[in-house]
Ligand SMILES: NC(=O)c1ccc[n+]([C@@H]2O[C@H](COP(=O)([O-])OP(=O)(O)OC[C@H]3O[C@@H](n4cnc5c(N)ncnc54)[C@H](OP(=O)(O)O)[C@@H]3O)[C@@H](O)[C@H]2O)c1
C-alpha cells in the first residue's frame with residue numbers, strides 16, 4: 001500500500017495501547033508517515049509497553065503525559081471507559097491539540113463535552129484496512145490532512161457524515177467477521193466436496209481476496225463480474241442457484257442492518 005508521508009512533523013499519542021493502537025502505530029511507523037520516535041503511549045502492563053517499544057514507540061508514565069507531549073491524540077480505549085478517561089484528561093487538552101477517536105458509537109458532541117476539546121475527528125477503522133472518517137466542524141483542513149495520512153498508512157480512507165457512522169460500523173466495521181465466516185464455510189464446502197483440509201483454507205481465502213481485488217481494480221459492478229464468469233448450464237450457475245435458495249444475499253443484507261441497529265442501540269446507552 002502506498003503511504004503518503006505526513007505533511008509535516010508532529011507528535012502522535014495513543015491513549016489505550018491495545019490491539020487497534022498497535023496496528024495503527026506499527027502501520028504508521030513502518031510506512032514512514034511518522035518516525036516511531038514521534039509516537040508515544042503508555043500502559044499499566046509491561047508486556048504491552050514492550051510490544052510498542054519493539055517498534056520504537058516512546059513509552060511515557062501516564063495518559064496525561066501522553067496528551068501533554070502529543071499534537072494528535074488517538075483515543076483507543078474501549079467505548080465503555082471513554083467518558084471516564086476523557087473527563088480525567090480534560091485539564092491536559094488545549095486548543096492546539098487534535099483529538100481523534102476510534103471508539104465505536106461515541107459521538108462527536110459527547111467527545112467534545114467530555115474532553116472540552118474542539119478540534120475532533122471521529123474515525124471508524126476495521127482491522128483489514130478500511131477507514132471511514134468524520135471531521136468535526138472545528139477541525140482544520142491541516143488536521144484532516146494529518147489524520148488522513150496517518151490512517152492512509154493502514155488502509156483506504158473515506159470521509160462520511162457522522163449520521164452514517166452506525167451503518168458504516170454495520171458494514172465495514174463488522175464486515176470482516178462476515179467474510180471470515182464465508183471463508184470458513186467455503187473451506188468446509190471444499191472438504192465436503194472431497195478436498196484435503198490443508199488445501200481448502202488457502203483456496204478459499206485467496207478466492208475472496210482475488211474477487212475483492214477485481215472489484216476494486218476494475219470498478220465494475222459485481223453483478224457484471226459474476227455474469228462474466230457464469231456460463232450457461234455451467235458449474236458456477238449451479239452453485240449460485242444454491243446460494244439463492246439459501247437466501248445468501250438477503251442474509252448478508254440482514255446482517256448489515258442488524259449490526260447497524262445494534263450499533264445504534266449501543267451508542268444510545
Ligand atoms: N478491534 C476492532 O476491530 C475495532 C474496530 C474499530 C474500532 N475499534 C475501537 O477501538 C477501540 C479499541 O479497541 P481494541 O480492540 O484495540 O481494544 P483493546 O485491545 O482492549 O485496547 C484497549 C486498551 O486500553 C487499555 N486501557 C484500559 N483502561 C485504560 C485507561 N484508563 N487508560 C489507558 N488505557 C487503558 C486496555 O488495557 P487492559 O487490557 O489492561 O484493560 C487495552 O490495552 C475501541 O473503542 C473500539 O470500539 C475497534
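A Cβ is built for glycine as well, from the same backbone N, Cα and C atoms used for every other residue.
Nobody curates TrEMBL annotations by hand; they come from automatic prediction.
The feature NADP(+) binding site is assigned by TrEMBL to 15, 16, 17, 18, 19, 20. The annotation NADPH binding site is assigned in TrEMBL to 63. Here TrEMBL flags 12-105 as domain 'Pyrroline-5-carboxylate reductase catalytic N-terminal'. According to TrEMBL, the domain 'Pyrroline-5-carboxylate reductase dimerisation' annotation covers 162-266.
What TrEMBL annotates, mapped onto the structure for a quick look.
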| residue | record | DSSP (3 states) |
| --- | --- | --- |
| 15 | NADP(+) binding site | strand |
| 20 | NADP(+) binding site | helix |
| 63 | NADPH binding site | helix |
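Highest Cβ count within 10 Å among the binding-site residues 19, 63: 63. Under DSSP, the residues of the domain 'Pyrroline-5-carboxylate reductase dimerisation' (162-266) split into helix, strand and coil as follows: 89 helix, 0 strand, 16 coil.
The Cα atom of residue 63 (NADPH binding site) lies nearest to that of 15, taking the binding-site residues 15, 17, 19 as the candidates. Averaged across the domain 'Pyrroline-5-carboxylate reductase catalytic N-terminal' (12-105), pLDDT for the predicted model comes to 96.
Listed in chain order, the extra residues whose Cβ falls within 8 Å of the Cβ center of the NADP(+) site residues 15, 16, 17, 18, 19, 20 are 14, 21, 22, 41, 76, 77. For residue 16 (NADP(+) binding site), other Cβ atoms within 10 Å of its Cβ number 22. Between the listed binding-site residues, namely 15, 17, 20, the fewest other CB atoms within 10 angstroms of a CB are found at 20.
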